[in-house]
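According to TrEMBL, the features are:
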- A:14-39: transmembrane segment (TRANSMEM)
- A:68-92: transmembrane segment (TRANSMEM)
- A:69-265: domain 'ABC transmembrane type-1' (DOMAIN)
- A:104-128: transmembrane segment (TRANSMEM)
- A:148-167: transmembrane segment (TRANSMEM)
- A:188-207: transmembrane segment (TRANSMEM)
- A:246-266: transmembrane segment (TRANSMEM)
Amino acid sequence: MSDARMSGRGLSRFALPMAAAFGFAVLYVPLAIMVIYSFNASKLASVWGGWSVQWYGELLRNDQILQAAWVSLKVAAMSATLGTIFGCLIGYAMSRFGRFRPRLLLSGMATAPIVMPDVVTGLSLLLLFISMEALLGWPAERGVDTIVIAHATFCMAFVAVIVQARLTDVDTSVEEAAMDLGARQPRVFFDVTLPMMAPALVAGWLLSFTLSLDDLVIASFVSGPGASTLPMVVFSKVRLGVTPEINALATLLIVLVSIFVALAAWRMRKAGKA
Amino acid sequence: MTAPASPPTRAPKSDRAFIRIADVVKTFDGFRAVDNISLDVAEGEIFCLLGGSGSGKSTLLRMLAGFETPDSGRIEIDGQDMTSVPPWDRPVNMMFQSYALFPHMSVARNVAYGLKQDRLPKSEIEAQVKRMLELVKLDTLAHRKPHQLSGGQRQRVALARALAKKPKALLLDEPLSALDKKLREETQFELMDIQDTLGTTFIVVTHDQEEAMTLGTRIGVMDQGRLVQVDAPRDLYEYPKNRFIADFVGSVNIFEGQVTEDESDHLRVGSQALGGEIYIDHGMSCQLGQTVWVAVRPEKMRLRREAPEGPVGGAAQGVVEDIAYMGGLSHYRVVLPSGQRVRATLANRDRHDADAPTWEETVWISWPPAAGVALLS
């Protein structure tokens, strides 16, 4: 009716879609170019030489990359699992153990790894592992174990946040009802609380998995000889020049990460509905 | 006081104190949520705790269920001290306001949950679940999940689950507040039927006075952590103890006045607010000149164009300020010369009562001698 609404409609009809298109273009055109070039027949990364899938074949024959991919998947699965277990306990404690006094401080501290610069996290963990080695003799050498522990710290923080958000939504009277019907505390947790948290845990695990798969900085700090993750290998290779092989690898990573993020989002939407 | 000859009431099975609450106090951060309450509930009663939000009624119920521990005082159920017994060991079950059904379990598993905690044999559990679902008429929906049910059906599942363990008492927290008006009325009667069948003692917390009146054999009205009055619905309505109760339970006209005559069988009160004298057909122990408040229910008010004839409790002339037509009833608001507004409710017996008083008309309001109640506070 009014001019303001008309202009608002005009804005939403032209300006907003254009702005959105520009934003998405900046985000996704480079990715699209990379995906297209991964099918490039030419050995030079920046010269188009026709379609081919040969670089995917090369990739599968490259032991160094396959080895690194295996390390990355192992680290991601283990750190996501560890992070989910501890994050679940933290989130549960934060939302259910009443209003104990240092709660705000504790929940802030538990979620701090999310905003902590990776360099700081990586360096401090490296110092921890070195002094532990000197004092306890463990870890004898840095490798998969130390990367898993390092990744589990920030995975835990993410899972704790997701679980806490989920439990704040869930009516505490459901747990009280279980108690009222004769269930003691551990039973209530396993029969009622855990199933209600399950979607959040699955979402948290998937998110943790992708975050661990992505990490380069922290892993570089705490890894040792013989335990290179995929991002570390890619990064070191790129310094010698981008090859179509790396394009192919990056394309596969995009597919993998997209699948996991989509699954996590789907689980979280389901959690919101139930 | 002259009580009506024999009003229909529902009597509990026995007068023995089945649930005994003695001098219970509960404070939260220095705030007295429950302030020294003592109350006995008989076996088979439907006892309603009525009060506004923050009156302490829910805290009292949660102490009966075991979710809160009293700071001092004692809670006994069927002769056993329950004061520090945890919720899972108490012989009572609760129906939550939000129903609190387990979202990931089917209707049948929800109902069976309490029985499973008792490690009963499987066949026994199944039989009891079947019986409960038949009782609440949900036996065809046993395999549905809670989110596939309507609000009324969820309410029944919650009821069946809470009754499945055959509790000594059922605690109901605002059992009908989430239902719409029509369904609420039906469910009220169903709830009473079920209580009648099983004979379980019900303790109902509600803020809805109509719900309390319909369900309760007795009602305890709570305000600021205290029990103000405990009585049968009729006594609560007809003989409120003070102005708070009179106003909280139903609507009421209150005339302030001073006692001019105090005999054993009647009381006369001079009221400036009414602009005349009020006659009450019961005596009261008070002093001459003392301020009292006379409460008269709107439906006991008469509204006429002519001055009333014969004995009246009180009468005054005023102007109709507003009429609210409610279908079955019409609510009139009349302004007296003193400025006091009087509410009168008239039943609409005829479809077109052309003779009914209308806006801005001067009318007489009056009430019979037995209609007024004098209150000291």
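Quick reminder: no glycine exception, Cβ is built from N, Cα and C everywhere.
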Checklist entry - For the transmembrane segment (A:148-167) against the transmembrane segment (A:14-39), do we get 3 or more Cβ-Cβ pairs below 8 Å once near-sequence pairs (under 6 apart) are dropped? => result no
Checklist outcome for this item: Top stretch by Cβ pairs under 8 Å to the transmembrane segment (A:246-266) (candidates A:14-39, A:68-92, A:104-128) is A:14-39
Item to check | Listed stretch, out of A:14-39, A:68-92, A:104-128, that has the most CB pairs under 8 angstroms to the transmembrane segment (A:188-207) | outcome: A:68-92
